[in-house]
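**Student:** Have a look at this one before I ask anything.
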Amino acid sequence: MVLSKYTYVFVIGTFFAMLDAYNNGANDVANAWATSVSSRSISYRQAMVFGTVFEMLGAITVGARTADTIKNGIIPNSAFKGDAGVQMLAFTCALAAASSWVMWCTKHSAHVSSTYSLISAVAGVGVATVGASQVQWGWNNGKGMGAIFAGLGMAPVISAGFAATIFMLIKIVVHLRKNPVPWAVYTAPFWFLIAGTICTLSIVYKGSPNLKLNKKPGWYVASVTMGTGAGVCVLSAIFFVPFIYARIIKKDYTVKWYMFLMGPLLLTRQTPADAQEAKVPNYAVIQEDDDLSNPTSLSDYDPKSEGKDAIAPPVDQEKIAVAAESKQLAYKTQPTYKELMAAGDDKLRQKLLKKRGPLGWAMRTLRDNPMGAGELYEFHNMKIVAKRIPAYVVCGALYGLHYDIHAAQTGHSGTPEGDRMARVYSHAKKYPNEVEHTYSFVQVLTACTASFAHGANDIGNSVGPWAVIYGAWSTGSAAAAKAPVPIWQLAVLSLVISLGLITYGYNIMKVMGNKITYHSPSRGCSMEMGAAITVLLFSQFSLPVSTSMCITGATVGVGLCNGTLKAVNWQRVGLLLLAWLLTIPIAGTLGGVTMGLFLNAPHFSS
């Protein structure tokens with residue numbers, strides 16, 4: 001390598017690039033999949049699998065274009081005056097500042113945009129390195145700070161508009177019918193047409209530098225896009241409609257998932273004589289079997305019931321004294337907020353302790369091997385630590401896969417958050433499970449589309465600066481930042497993004513989705529299609545818009561379709577907006593201060 005003396009800078013930059021990618025998965029990607037998990041269309045574990053596959057596909061096939069904006073659109077290469085070492089240091093500091101801020105936010109379940117965190121850090125580093133005059137604050141042909149931050153205001157609003165339009169169409173065509181089930185079944189191919197077209201647009205219309213699809217003429221793009229969407233529509237009419245017809249309308253509970261291959265044969269299949277109701281999942285957000293938010297031993301006392309017996313005339317003074325003593329005792333034993341939260345968390349731990357897999361073993365190991373008396377270096381404590389470390393590793397890797405996302409989103413019963421979410425849910429109309437079941441299949445396709453679009457767009461956050469660092473280190477030239485991003489870098493960081501989603505995504509997912517408004521498959525697929533269209537629209541112009549902001553805007557847009565502002569948790573929306581706004585000055589200041597210290601640090605003269 002030409003700049004072998006700066007290998008340590010490359011190593012540090014690689015570490016922070018991977019940390020930034022990990023946070024991207026744990027924060028941004030978790031928010032993107034929160035809609036599907038919150039709607040119960042897909043489980044958390046299934047989201048991990050689909051997320052990994054489609055994030056990598058999007059990143060590797062079309063992810064290189066948006067990386068160019070991060071690399072060259074904010075700090076021009078000419079500003080570094082050909083000094084590759086300074087350029088390496090600049091983007092290393094930017095990655096360090098952005099990843100540290102997002103990691104802190106993820107740890108505290110504060111959802112922020114990793115895209116805007118990195119952009120702000122790069123701008124701050126640019127000010128410290130070459131001065132504010134050299135930073136591209138304006139539009140700069142769609143690649144400057146002005147163009148990028150325009151998405152901060154436009155993306156959520158545009159996404160909300162797309163998502164609300166799609167859901168209102170579903171609502172008018174299906175939900176408002178007297179018998180919505182047949183309408184949901186027979187109109188399903190239309191939604192597969194839309195989802196298939198969007199997915200195709202992600203690959204063809206956006207263009208892939210590696211497949212040369214971005215060089216194709218307009219008629220080719222239009223024909224392939226519409227042809228693929230129409231093909232998905234026809235296939236759904238042949239295989240999906242008979243499958244869902246037999247399962248929902250004929251109420252044939254013997255139909256298995258793989259029987260969709262039978263196609264039209266399912267229409268004439270004999271239905272069991274005892275078929276009374278369709279065997280479909282329950283898509284209600286709050287369900288008795290998984291509600292970890294009701295620690296009954298602590299919530300039996302109802303403060304609202306006080307004073308009701310005062311209306312009755314006094315009969316026995318002794319009974320009054322006993323009642324008063326009971327009320328006083330109830331006040332003393334009323335659980336505090338911390339006790340309610342701890343009780344709910346303990347209920348989840350008790351479930352996990354009974355599991356037979358690696359996580360159950362790890363949690364039982366931690367329970368049965370507490371630290372002993374004395375300091376850590378005591379011999380008996382050192383033996384305990386040796387047993388606890390593998391258990392800690394297993395818990396860290398697998399805990400998220402068993403976390404109850406829905407119970408965390410709905411809030412603990414008896415707490416202000418739990419009461420707030422109950423009020424929000426009360427203003428959202430609940431639609432039949434048979435209807436929602438139809439859209440759950442569409443949402444799986446739209447979720448994969450959204451994940452593909454995220455991989456295509458947000459991989460540029462981490463890979464752009466890392467590509468600069470690697471190019472400068474390997475060639476010794478600052479101009480190497482204009483070279484294409486290597487495929488292996490896209491593949492490595494997309495894997496790290498998936499790792500962040502799998503191991504730590506639950507920490508953000510628990511404060512998104514149903515925490516903003518009531519979710520269901522028909523609502524969820526509308527949100528995801530609206531967000532995917534917006535991301536693709538911005539990505540077409542090489543603008544690294546935040547997928548998180550798009551899906552959040554789409555969530556609010558669909559929530560407002562309930563016809564009242566009360567159907568949206570505006571407190572959570574306000575906290576999200578505050579976190580987004582704080583990201584800009586904090587990440588920018590961290591990046592600028594770090595770069596200024598390293599670049600201008602006092603040192604011994606030669």
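Placed from the backbone N, Cα and C atoms, the Cβ positions cover glycine too.
Here's the feature list from TrEMBL:
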type: REGION; residues: 290-310; note: region 'Disordered'
type: TRANSMEM; residues: 44-64; note: transmembrane segment
type: TRANSMEM; residues: 84-104; note: transmembrane segment
type: TRANSMEM; residues: 116-135; note: transmembrane segment
type: TRANSMEM; residues: 147-170; note: transmembrane segment
type: TRANSMEM; residues: 182-205; note: transmembrane segment
type: TRANSMEM; residues: 217-246; note: transmembrane segment
type: TRANSMEM; residues: 487-509; note: transmembrane segment
type: TRANSMEM; residues: 573-599; note: transmembrane segment
**Student:** Do the transmembrane segment (84-104) and the transmembrane segment (217-246) share at least 3 Cβ pairs closer than 8 Å, excluding pairs fewer than 6 residues apart in sequence?
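**Tutor:** Contact between the transmembrane segment (84-104) and the transmembrane segment (217-246): absent.
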**Student:** Against the transmembrane segment (116-135), which of these stretches has the most C-beta pairs under 8 Å: 44-64, 147-170, 182-205, 487-509, 573-599?
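**Tutor:** Answer, by Cβ pair count: 573-599.
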**Student:** Where else in the chain does the transmembrane segment (487-509) make close Cβ contacts, counting only residues six or more beyond its ends and a cut-off under 8 Å?
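**Tutor:** Counting only partners 6 or more residues beyond its ends, the transmembrane segment (487-509) has Cβ contacts under 8 Å with 17-18, 21-27, 29-31, 33-34, 37-38, 44, 47-48, 51-52, 55-56, 59-60, 63-64, 106-107, 109, 111, 210, 396-397, 399-401, 403, 405, 455, 458-459, 462-463, 466-467, 470.
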**Student:** Most CB pairs under 8 Å with the transmembrane segment (44-64): which of 147-170, 182-205, 217-246?
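**Tutor:** Stretch with the highest Cβ contact count: 182-205.
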**Student:** By a Cβ-Cβ criterion of under 8 Å, what residues six or more beyond either terminus of the transmembrane segment (182-205) are in contact with it?
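**Tutor:** Same-chain residues near the transmembrane segment (182-205) but 6 or more away: 58, 61-62, 166, 170, 173-174, 213, 216, 221, 224-226, 228-237, 240-241, 244-245, 248-249, 434-435, 438-439, 441-442, 445-446, 448-449, 452-453, 456, 525, 529, 532-533, 536, 540.
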